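In what follows, a single structure is set out as structure tokens and then discussed.
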Ligand code: AMP
């Protein structure tokens, strides 16, 4: 393989050699599944963690969502499962039902080529029946929230006596949600011989202590980062949901003054899909990835160099070493899983002394990666907003003008048309400007010149009126946050929500996250089901969907927070009708239902 024949893959001097999943020691079925899902190379956390776990050592990994940590622990587990063992071999603890389900899906995806692997999600809110019958049939991997796993252990319905692998995913989140005790009990009550992998985005003292006490000489893995971004590259990021990415990219293509662009996607299939969608929208775009034959890749890169092609959609591997001066912009359609790959990617622009632009799409859950990149590159990333319809239209109009100006410069061709147009004007008695407009219609075809205005945005609370739940909670579902408790009244803003009252408040030292944790896990609610939460001195108000089934309410009524039964009921706005424990009447009197919105601190 000569270097000259491989212009797109030959690593530049500043790039390390490519490590493959095969190099990490994974077996065939898992490798096949990875090839099916289109991962080309391991992310940094995967490259560091997988061999260690395969070698049998415990791991403490400092990694957040978006780094590929799920595969980092799931792949070595799947690789070593004994499919003849009936009792559970691997247990993954996750802070929320949402994450537990995601991890389950990931396991299933990676196990697609391993026949007969059974993975079971176990979380509060789901009926015990389903879980019990699955457990009886035999499962290999359990992914669950600590509360429900503890319930099964207490009931004797879960046998962890032969557990081989235990993973604590998002350990810091689990502690924040009040699961420390449950997690420690599970750690202590499972075989000493098990291998433990603990992943956490931060390393507070409690986690350090836990890992010292329960892990056996763990290898600490923090992905080292390279710090050589060029200051001639302007770095921006856009918070965007997965579904909005293509629209966001097309708007950026409209308003950015780019010459040539590389768009990075995580998987081979994503490169094809994005390139296809861009072509459908009239851009000259092509995909390169590990599956594209070398000769075709070279042809594509040459087209980019010569200006026949403007947009290349690539995976990391396919774009290694790419050196094309025309590349003015790099767009991370999927943000890099680690800072090192980020640095390599954006180094594809700003070549040969030019300036460059890098724009990264970041989903709300991946927000933490921006800080990691800033820390590693020691350069700030500026948050940008999605270009508005007005901005797009202004650019379209100025391009339209530029088109006319450029055509007027082609004097010979203009001369030939001038007589034809003049003839039309004379014979049809139409003003010249109308004829020009008619010609524009012909030139424009069916596609409208200007974008329609965006629909009115949903009325929402101002940003600072909301309790910040952290990245994961904002989710891709829209930005629903929690009030800090300073709402003037108790009516939910959203007509689909009902305000419930629970009998724990400031006096019981509860915090919104505990309420969410408890209700989500016990009621089987997703975090997106929560509206505003107001914590009052003696009770709290929680907005939940109107249509909560009675069975959910029944389950919730048994829930305890900080040891106290929550006695959930629909809030009528009035003082508690139940006999209260002594001494707290004065708080409730203070909390009479408002006749009209009041502006006072709810506490
Ligand atoms: P996680 O940090 O585990 O939540 O993973 C973040 C995203 O990266 C998920 O969408 C994974 O499917 C994807 N991903 C994980 N590992 C790789 C890889 N080696 N190559 C491409 N994508 C990956």
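Placement of Cβ uses the backbone N, Cα and C atoms for every residue, glycine included.
According to TrEMBL, the compositional bias 'Basic and acidic residues' annotation covers 455-492 (among others).
Taken from TrEMBL, the feature compositional bias 'Basic and acidic residues' covers 578-603 (among others).
Below 8 angstroms of C-beta separation, residues 54, 61, 63, 67-69, 71-72, 75-76, 78-79, 109-114, 221, 223-224, 266-270, 289-290, 315-318, 337-338, 340-341 of the same chain, each at least six residues beyond the ends of the domain 'DEAD-box RNA helicase Q' (19-47), sit close to that stretch. What TrEMBL records for 19-47 is domain 'DEAD-box RNA helicase Q'.
Taken from TrEMBL, the feature domain 'Helicase ATP-binding' covers 50-221.
In terms of DSSP secondary structure, the domain 'Helicase C-terminal' (245-392) contains 63 helix, 28 strand, 57 coil. What TrEMBL records for 245-392 is domain 'Helicase C-terminal'.
Feature annotation from TrEMBL assigns region 'Disordered' to 448-498 (among others).
The region 'Disordered' annotation in TrEMBL covers 564-603 (among others).
Residues annotated as motif 'Q motif' in TrEMBL: 19-47. Per-residue pLDDT, averaged along the motif 'Q motif' (19-47), amounts to 93 for this model.
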